[in-house]
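Record features (Swiss-Prot):
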{"type": "COMPBIAS", "residues": "1-14", "note": "compositional bias 'Basic and acidic residues'"}
{"type": "DOMAIN", "residues": "61-125", "note": "domain 'SEP'"}
{"type": "DOMAIN", "residues": "170-247", "note": "domain 'UBX'"}
{"type": "REGION", "residues": "1-152", "note": "region 'Required for interaction with CHRNA3'"}
{"type": "REGION", "residues": "1-30", "note": "region 'Disordered'"}
{"type": "REGION", "residues": "168-258", "note": "region 'Required for interaction with VCP'"}
Amino acid sequence: MKEVDNLDSIKEEWACETGPPDSQPLNDNQQKDCEYFVDSLFEEAGKAGAKCLSPTEQKKQVDVNIKLWKNGFTVNDDFRSYSDGASQQFLNSIKKGELPSELWGIFDKEEVDVKVEDKKNEVCMSTKPVFQPFSGQGHRLGSATPRIVSKAKSVEVDNKSTLSAVSLNNLEPITRIQIWLANGERTVQRFNVSHRVSHIKDFIEKYQGSQRSPPFALATALPFLRFLDETLTLEEADLKNAVIIQRLQKTAEPFRKL
(Lines of atoms letter the chains of each structure in order from A; the text may use other names.)
(Lines give C-alpha, C1' and ligand atoms only; values in the text may rest on other atoms or scores of the structure.)
Protein backbone atom coordinates (compact mmCIF):
# COMPACT_ATOMS: atom_id res chain seq x y z
CA MET A 1 0.00 0.00 0.00
CA LYS A 2 1.55 3.26 -1.03
CA GLU A 3 2.01 6.05 1.48
CA VAL A 4 -0.48 8.91 1.25
CA ASP A 5 1.19 12.31 1.40
CA ASN A 6 -1.68 14.73 0.88
CA LEU A 7 -5.38 14.98 0.18
CA ASP A 8 -4.88 15.23 -3.58
CA SER A 9 -3.06 11.92 -3.66
CA ILE A 10 -5.79 10.41 -1.51
CA LYS A 11 -8.40 11.50 -4.02
CA GLU A 12 -6.40 9.87 -6.81
CA GLU A 13 -6.04 6.66 -4.86
CA TRP A 14 -9.69 6.57 -3.84
CA ALA A 15 -11.15 6.51 -7.33
CA CYS A 16 -14.62 5.40 -6.19
CA GLU A 17 -17.39 7.59 -7.59
CA THR A 18 -18.79 9.73 -4.81
CA GLY A 19 -21.91 11.73 -4.30
CA PRO A 20 -25.51 11.30 -3.19
CA PRO A 21 -27.18 7.87 -3.26
CA ASP A 22 -28.84 8.54 -6.64
CA SER A 23 -25.53 9.20 -8.46
CA GLN A 24 -24.68 7.44 -11.73
CA PRO A 25 -23.35 3.84 -11.59
CA LEU A 26 -19.59 3.32 -11.75
CA ASN A 27 -17.89 2.23 -14.94
CA ASP A 28 -15.75 -0.92 -14.92
CA ASN A 29 -12.45 0.84 -14.18
CA GLN A 30 -13.95 2.93 -11.37
CA GLN A 31 -15.56 -0.16 -9.86
CA LYS A 32 -12.25 -2.06 -9.92
CA ASP A 33 -10.49 0.87 -8.23
CA CYS A 34 -13.23 1.05 -5.61
CA GLU A 35 -12.97 -2.69 -4.90
CA TYR A 36 -9.19 -2.42 -4.63
CA PHE A 37 -9.48 0.44 -2.13
CA VAL A 38 -12.00 -1.39 0.06
CA ASP A 39 -10.00 -4.64 -0.03
CA SER A 40 -6.76 -2.82 0.80
CA LEU A 41 -8.43 -1.01 3.69
CA PHE A 42 -9.32 -4.34 5.29
CA GLU A 43 -5.82 -5.69 4.62
CA GLU A 44 -3.99 -2.68 6.07
CA ALA A 45 -6.27 -2.54 9.12
CA GLY A 46 -5.56 -6.22 9.78
CA LYS A 47 -1.81 -5.67 9.56
CA ALA A 48 -2.09 -2.83 12.07
CA GLY A 49 -3.73 -5.08 14.64
CA ALA A 50 -7.46 -4.94 13.97
CA LYS A 51 -9.22 -8.16 14.82
CA CYS A 52 -12.73 -9.55 14.59
CA LEU A 53 -14.37 -10.30 17.93
CA SER A 54 -16.88 -13.05 18.52
CA PRO A 55 -20.00 -12.18 20.57
CA THR A 56 -18.67 -14.18 23.56
CA GLU A 57 -15.38 -12.25 23.57
CA GLN A 58 -16.91 -8.80 23.60
CA LYS A 59 -17.18 -6.70 26.72
CA LYS A 60 -19.54 -3.85 27.43
CA GLN A 61 -18.64 -1.31 24.78
CA VAL A 62 -19.63 1.42 22.37
CA ASP A 63 -19.49 0.31 18.75
CA VAL A 64 -19.28 2.17 15.46
CA ASN A 65 -20.62 0.68 12.23
CA ILE A 66 -18.84 1.68 9.00
CA LYS A 67 -20.18 0.49 5.64
CA LEU A 68 -18.20 1.04 2.44
CA TRP A 69 -20.50 1.56 -0.56
CA LYS A 70 -19.99 2.27 -4.27
CA ASN A 71 -20.96 5.91 -3.92
CA GLY A 72 -19.53 6.70 -0.49
CA PHE A 73 -19.54 5.28 3.02
CA THR A 74 -21.73 5.49 6.11
CA VAL A 75 -20.79 5.86 9.76
CA ASN A 76 -23.74 4.51 11.73
CA ASP A 77 -25.94 5.32 8.71
CA ASP A 78 -24.58 8.87 8.38
CA PHE A 79 -23.65 9.08 4.67
CA ARG A 80 -20.29 10.60 3.71
CA SER A 81 -18.43 11.19 0.46
CA TYR A 82 -15.07 9.57 -0.23
CA SER A 83 -13.76 12.84 -1.69
CA ASP A 84 -14.47 14.99 1.38
CA GLY A 85 -11.27 15.96 3.20
CA ALA A 86 -12.52 14.92 6.65
CA SER A 87 -13.78 11.62 5.24
CA GLN A 88 -10.39 10.89 3.69
CA GLN A 89 -8.61 11.45 6.99
CA PHE A 90 -11.22 9.31 8.76
CA LEU A 91 -10.78 6.34 6.39
CA ASN A 92 -7.00 6.73 6.29
CA SER A 93 -6.95 6.22 10.07
CA ILE A 94 -9.12 3.10 9.72
CA LYS A 95 -6.76 1.79 7.04
CA LYS A 96 -3.84 2.18 9.46
CA GLY A 97 -5.73 0.37 12.21
CA GLU A 98 -6.10 3.58 14.22
CA LEU A 99 -9.19 5.08 15.82
CA PRO A 100 -10.11 8.25 13.85
CA SER A 101 -9.50 11.41 15.84
CA GLU A 102 -13.16 12.35 15.35
CA LEU A 103 -14.18 9.36 17.49
CA TRP A 104 -11.61 10.17 20.17
CA GLY A 105 -13.49 13.43 20.67
CA ILE A 106 -16.75 11.54 21.24
CA PHE A 107 -15.76 8.50 23.29
CA ASP A 108 -13.25 9.01 26.10
CA LYS A 109 -14.53 6.72 28.86
CA GLU A 110 -15.54 3.49 27.13
CA GLU A 111 -14.02 0.87 24.87
CA VAL A 112 -14.81 1.40 21.20
CA ASP A 113 -15.13 -1.37 18.62
CA VAL A 114 -15.41 -0.60 14.93
CA LYS A 115 -17.29 -2.83 12.51
CA VAL A 116 -16.36 -2.34 8.85
CA GLU A 117 -18.70 -3.90 6.28
CA ASP A 118 -17.78 -4.38 2.63
CA LYS A 119 -20.68 -3.24 0.43
CA LYS A 120 -18.64 -1.97 -2.51
CA ASN A 121 -20.96 -3.73 -4.97
CA GLU A 122 -24.02 -1.87 -3.66
CA VAL A 123 -25.18 1.75 -3.83
CA CYS A 124 -26.29 3.39 -0.61
CA MET A 125 -29.93 4.33 -1.22
CA SER A 126 -30.86 5.98 2.06
CA THR A 127 -29.13 7.99 4.75
CA LYS A 128 -29.78 9.23 8.25
CA PRO A 129 -28.68 12.71 9.33
CA VAL A 130 -27.36 12.00 12.80
CA PHE A 131 -24.33 9.93 13.82
CA GLN A 132 -25.16 7.47 16.62
CA PRO A 133 -23.24 4.50 18.04
CA PHE A 134 -24.62 0.97 17.72
CA SER A 135 -24.22 -2.42 19.43
CA GLY A 136 -22.84 -5.40 17.54
CA GLN A 137 -19.84 -7.47 16.48
CA GLY A 138 -16.91 -5.44 15.22
CA HIS A 139 -13.25 -5.03 14.38
CA ARG A 140 -11.42 -3.75 17.43
CA LEU A 141 -8.77 -1.22 16.48
CA GLY A 142 -5.72 -2.34 18.43
CA SER A 143 -4.90 -0.01 21.31
CA ALA A 144 -7.73 2.43 20.71
CA THR A 145 -9.84 2.12 23.86
CA PRO A 146 -11.19 5.55 24.77
CA ARG A 147 -13.85 6.00 27.43
CA ILE A 148 -17.17 7.80 27.50
CA VAL A 149 -18.00 10.10 30.44
CA SER A 150 -21.46 8.64 31.01
CA LYS A 151 -24.21 6.71 29.30
CA ALA A 152 -26.21 9.53 27.76
CA LYS A 153 -29.25 9.38 25.54
CA SER A 154 -28.70 10.91 22.12
CA VAL A 155 -30.97 13.90 21.77
CA GLU A 156 -31.61 15.83 18.57
CA VAL A 157 -32.35 19.51 18.86
CA ASP A 158 -35.76 19.00 17.25
CA ASN A 159 -36.87 17.18 20.42
CA LYS A 160 -36.42 20.29 22.54
CA SER A 161 -39.71 22.17 22.32
CA THR A 162 -38.26 25.14 24.17
CA LEU A 163 -35.21 25.40 21.93
CA SER A 164 -34.87 28.28 19.52
CA ALA A 165 -33.67 26.95 16.18
CA VAL A 166 -30.44 28.29 14.76
CA SER A 167 -31.12 30.55 11.79
CA LEU A 168 -29.43 29.14 8.69
CA ASN A 169 -28.58 30.74 5.37
CA ASN A 170 -29.16 28.06 2.73
CA LEU A 171 -27.01 29.99 0.26
CA GLU A 172 -23.93 29.40 2.43
CA PRO A 173 -22.19 26.11 3.32
CA ILE A 174 -23.80 24.28 6.23
CA THR A 175 -22.05 21.91 8.62
CA ARG A 176 -23.16 19.65 11.46
CA ILE A 177 -21.59 20.18 14.88
CA GLN A 178 -21.68 17.41 17.48
CA ILE A 179 -21.94 18.94 20.94
CA TRP A 180 -21.05 17.07 24.12
CA LEU A 181 -22.40 18.78 27.23
CA ALA A 182 -20.72 18.65 30.62
CA ASN A 183 -23.58 16.53 32.04
CA GLY A 184 -22.90 13.76 29.50
CA GLU A 185 -25.77 14.64 27.18
CA ARG A 186 -25.01 15.06 23.51
CA THR A 187 -26.77 16.74 20.64
CA VAL A 188 -26.18 17.61 17.00
CA GLN A 189 -26.96 21.00 15.46
CA ARG A 190 -26.45 22.51 12.03
CA PHE A 191 -24.66 25.83 11.58
CA ASN A 192 -23.41 27.89 8.66
CA VAL A 193 -19.62 27.93 8.45
CA SER A 194 -19.93 31.71 8.80
CA HIS A 195 -21.41 31.32 12.29
CA ARG A 196 -18.99 32.08 15.09
CA VAL A 197 -17.98 29.91 18.03
CA SER A 198 -19.96 32.32 20.19
CA HIS A 199 -23.12 31.24 18.33
CA ILE A 200 -22.50 27.66 19.44
CA LYS A 201 -22.15 28.89 23.01
CA ASP A 202 -25.42 30.83 22.71
CA PHE A 203 -27.10 27.72 21.34
CA ILE A 204 -25.91 25.63 24.31
CA GLU A 205 -27.19 28.21 26.79
CA LYS A 206 -30.62 28.20 25.14
CA TYR A 207 -30.56 24.41 24.90
CA GLN A 208 -29.94 24.01 28.62
CA GLY A 209 -32.59 26.59 29.52
CA SER A 210 -33.42 26.77 33.22
CA GLN A 211 -30.81 24.09 33.96
CA ARG A 212 -28.05 26.36 32.73
CA SER A 213 -24.63 25.25 33.88
CA PRO A 214 -21.94 27.36 35.58
CA PRO A 215 -19.63 29.42 33.35
CA PHE A 216 -18.11 27.28 30.64
CA ALA A 217 -15.76 27.34 27.67
CA LEU A 218 -15.84 25.36 24.44
CA ALA A 219 -13.06 23.05 23.33
CA THR A 220 -12.32 20.42 20.75
CA ALA A 221 -10.24 17.27 21.20
CA LEU A 222 -9.17 17.00 17.57
CA PRO A 223 -6.34 16.25 17.29
CA PHE A 224 -5.66 17.43 20.86
CA LEU A 225 -7.50 19.41 23.51
CA ARG A 226 -7.84 22.95 22.21
CA PHE A 227 -9.93 25.74 23.71
CA LEU A 228 -11.75 27.78 21.11
CA ASP A 229 -11.64 31.49 20.39
CA GLU A 230 -15.29 32.57 20.46
CA THR A 231 -14.66 35.37 17.95
CA LEU A 232 -13.65 32.99 15.15
CA THR A 233 -16.05 31.64 12.54
CA LEU A 234 -16.46 27.87 12.26
CA GLU A 235 -14.53 28.00 9.00
CA GLU A 236 -11.68 30.02 10.52
CA ALA A 237 -11.50 27.64 13.49
CA ASP A 238 -11.56 24.59 11.18
CA LEU A 239 -14.69 23.20 12.86
CA LYS A 240 -16.55 21.68 9.90
CA ASN A 241 -18.29 18.49 11.07
CA ALA A 242 -16.42 18.83 14.36
CA VAL A 243 -17.04 17.60 17.89
CA ILE A 244 -17.35 20.41 20.44
CA ILE A 245 -17.00 19.76 24.17
CA GLN A 246 -18.51 21.92 26.92
CA ARG A 247 -15.87 22.44 29.61
CA LEU A 248 -17.08 23.89 32.90
CA GLN A 249 -14.89 26.59 34.38
CA LYS A 250 -13.95 25.96 37.97
CA THR A 251 -14.90 28.67 40.43
CA ALA A 252 -13.25 29.06 43.81
CA GLU A 253 -13.50 31.50 46.67
CA PRO A 254 -10.59 33.94 46.99
CA PHE A 255 -7.95 32.97 49.51
CA ARG A 256 -8.72 34.44 52.87
CA LYS A 257 -6.04 36.53 54.43
CA LEU A 258 -4.67 35.07 57.64
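Note that the numbers count up from 1, one per residue, in the order the chain is shown.
From the backbone N, Cα and C atoms, a Cβ is placed for every residue, glycine too.
In the predicted model, residues of the region 'Required for interaction with CHRNA3' (1-152) average a pLDDT of 62. Helix first, then strand, then coil: DSSP counts for the domain 'SEP' (61-125) stand at 15 helix, 22 strand, 28 coil.
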